[in-house]
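Each remark here refers to the structure printed beneath this line.
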């Protein structure tokens, strides 16, 4: 979209206001996708939800690339937005549920790695197709996006289903087989299975033959009944703390304006002194390269350093470089042209450093953190709410950036984002416990003991008591 907007504005004769609505509305549309994905993933399973997301992406790309008018283009953005919501919610949840504890952070950051690889390819396609006739260039930029979903949809079929979803559906033997393939040892596989069974309300000593009955009797919420009530209307204190941590982190990730930098980088580079369209699109590729290069740093350090240090270092760097970017852009208006060029170089360096800080911490770690803090019975829906808030904030920032910049200047906009980043650092310092090295079932205990844990323990105690009584009677 960052490159296509330049050419579609000329071809379709649309205004800046229409452009910023078109750019940002996909994130608002993705709200529906993320909320629907929470229900779909509990109904169809995590794997087939990803296949559905790929089909939606394919359709959206075709509709946008072949759109004859602004209204048709908006319809294509709606379909693509549903796919965005599905993918952003299901990818980290699936990965967190399949991955062994020792590599969960590393693997759960992969969706963000490849998301930004896709952004980089988007910048490359912008540059590659920029020399086509105006009426074809922006269409080619969209149509090429229909290729990856074909391979994705087929490849997902070769992947295993989430063992936690299988347990919730009573398919214990299938879950055991998946865990044996995705654990570091057979003992770990059995330990993970016991943890999952306990999390969904099955006492440890209930045999596999009794599991389905135990699930239906003890954990109706796992079928989606009462989950929204438990999350939003009557959350326990630990669940409330999880929601504050998860939703707060998702808010901060987008409220700092990173999607504005990605979406409108050609305009920011133009403001910094790069005037030609080709040079601006070429410079914008540096944003994609920067994000794609620095994300693996977080990927490699997540399970070694931990989540908190990366988040705090990232938030601090983002704050510093946003203030630097805003100040350099502000001073450019008050200096002669010779000095303005030097300040333009400073502003470009500051923008790339901001992107690097985001990519090496808050970008990938937020998705990892929010996929591992919720109990299994609430995880899909809670992740859906977090993804919805994330997309809503992305839509709000990208749909308002041009208007906000016209009102308080581009420099003023980045000062605002810098203040939000500073407040976000304080929030992360006080509200986010470390989750490194914890199993998914143990991670939830960092936020306090859930009353459902007491119920499970009590059920296990009653079951053991009944079993002992029966043995005594037989003796």
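Placed from the backbone N, Cα and C atoms, the Cβ positions cover glycine too.
TrEMBL labels come from automatic prediction, so no person has curated them.
Residues annotated as domain 'Major facilitator superfamily (MFS) profile' in TrEMBL: 1-436.
Through the fold, the transmembrane segment (21-41) approaches residues 1, 5, 14, 49, 52-53, 56, 70, 73-74, 77-78, 80-86, 88-90, 93, 165, 224, 259, 263-264, 380-381, 383-385, 387-388, 391-401 of its own chain, all at least 6 residues removed from its boundaries and within a Cβ separation under 8 Å. Here TrEMBL flags 21-41 (among others) as transmembrane segment.
The transmembrane segment annotation in TrEMBL covers 47-66 (among others).
The feature transmembrane segment is assigned by TrEMBL to 78-96 (among others). Sequence-distant contacts of the transmembrane segment (78-96), counting only residues of its own chain at least 6 positions beyond either end whose CB sits under 8 Å from a CB of the stretch, comprise 25-38, 40-41, 46-47, 49-50, 52-54, 56-57, 59-61, 63-64, 104, 107-108, 110-111, 162, 367-368, 370-372, 379-380, 383-384, 387-388, 390-391, 440.
Residues or ranges marked as transmembrane segment by TrEMBL: 136-159 (among others).
Sequence-distant contacts of the transmembrane segment (242-264) (same chain, at least 6 residues past either end, Cβ-Cβ under 8 Å): 1-2, 23-24, 27, 119, 231, 235, 287, 291, 311, 315, 318, 322, 351, 354-355, 358, 362-363, 366, 369-370, 373-374, 382, 385-387, 389-391, 393-394, 397-398, 401-402, 413-414, 416-417, 420-421, 424, 427-428, 431-433, 444, 447. Residues or ranges marked as transmembrane segment in TrEMBL: 242-264 (among others).
Per TrEMBL, the feature transmembrane segment maps to 284-302 (among others).
As annotated by TrEMBL, transmembrane segment applies to 309-331 (among others).
The annotation transmembrane segment is assigned in TrEMBL to 343-370 (among others). Counting same-chain residues at least six beyond the ends of the transmembrane segment (343-370), those with a Cβ under 8 angstroms from any Cβ of the stretch are 88, 92, 96, 104-105, 108-109, 111-113, 116, 245-246, 249-250, 252-253, 256, 258, 261-262, 265, 268-269, 271-274, 283, 286-287, 290-295, 297-299, 302, 307, 310-311, 313-318, 321-322, 324-325, 328-329, 331-332, 335, 383, 386, 432, 435.
Remote same-chain partners of the transmembrane segment (414-432), defined as residues 6 or more beyond its termini with a Cβ less than 8 Å from a stretch Cβ, comprise 244-245, 248-249, 252, 255-257, 260, 307-308, 311-312, 315-316, 318-319, 322-323, 325-326, 329, 369, 404, 408. According to TrEMBL, the transmembrane segment annotation covers 414-432 (among others).
If you look up TrEMBL, you'll see 455-475 marked as region 'Disordered'.
Between the transmembrane segment (47-66) and the stretches 136-159, 284-302, 309-331, Cβ pairs under 8 Å are most numerous for 136-159. Proximity of distant same-chain residues to the transmembrane segment (309-331), defined by a Cβ-Cβ separation under 8 Å and at least 6 residues beyond the stretch ends, is recorded for 249, 252, 256-257, 271-272, 298, 301-302, 343-344, 346-347, 350-351, 353-354, 356-358, 360-363, 365-366, 369, 409-415, 417-418, 421-422, 424-425, 428-429, 432.
Within the chain carrying the transmembrane segment (284-302), a Cβ under 8 angstroms from the stretch's Cβ atoms is held by residues 2-3, 105-106, 109-110, 112-113, 116-117, 119-124, 126-127, 261-262, 265-266, 269, 310, 314, 351-352, 355-356, 358-361, 363-365, 368, 436, all 6 or more beyond its ends.
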